[in-house]
Amino acid sequence: MKFFSIASLGLLLVVATAFPASELQREDGENSVTRNKPTRASSGKTRRQISYLIKEVFEMRKELCKNDETCIKSHVAVSENNLNLPKMTEKDGCFQTGYNRDDCLVRITSGLLEFQVYLRYIRNKFQEGNNRDRAEHVQSSSKALIEILKQEVKDPNKIVFPSPTANINLLAKLESQNDWQKVMTMQLILSNFEDFLQFTLRAVRKA
């Protein structure tokens, strides 16, 4: 019994010296750093997802405009809505000057989360057929993109989540519009979402 205890103690000492604590800690530290560093495969997947969304949003705009070129190319402004749609600014770190990958990813992810209530509104307006399917698919694809980007954000606590109460109030405000205003609002949302995705694609290519 004494021989077994001594042998066991010797084995534990060998294991402890073979794997120093500093080595294990260094490996954990390296893993935490590389976990947020995008691989070539993950970056390619992100770009493909964004490009796909841009294409689908453009198709939705065409359907909404009934393929009228003037309508498609115009960026309508419905001033009475006072919509606070997400936009990119220089301070977000996504532009050529002052590019900051971490700040940019936080802004992109937060912006996509802000757009969700507007995409839900559009989905509800498209009642049936291909329009409804495409609207649902655009929203689900944008949610998938958010999850991809969350994995690359260095500090997820910096991501800003919209207030559920504010979203409920916004939906009520949008629903109170007349039919013409609703169509113009949908066009405004889609054109701004497309612009946001274009900025996102350019920023992700730099990462």
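Using N, Cα and C of the backbone, Cβ positions are placed for all residues, glycine too.
According to Swiss-Prot, the signal peptide annotation covers 1-18.
The region 'Disordered' annotation in Swiss-Prot covers 26-47.
Positions annotated as compositional bias 'Polar residues' by Swiss-Prot: 31-44.
Sequence-distant contacts of Cys71 (disulfide bond), defined as residues of its own chain at least six apart whose C-beta falls under 8 angstroms from its C-beta, comprise Leu64, Cys65, Gln187. Per Swiss-Prot, disulfide bond is recorded for Cys65-Cys71 (among others).
The phosphoserine annotation in Swiss-Prot covers Ser74 and rests on similarity to another entry.
Long-range Cβ neighbours of Cys94 (disulfide bond) (same chain, at least 6 residues apart, Cβ-Cβ under 8 Å): Met88, Asp103, Cys104, Arg107, Ile108, Phe199, Thr200, Arg202, Ala203. Summarising the annotation, Swiss-Prot assigns disulfide bond to Cys94-Cys104 (among others).
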Note to self: At 10 angstroms around each C-beta, which of the disulfide-bonded residues Cys65, Cys104 has the fewest other C-beta atoms nearby?
What the structure shows: Cys65
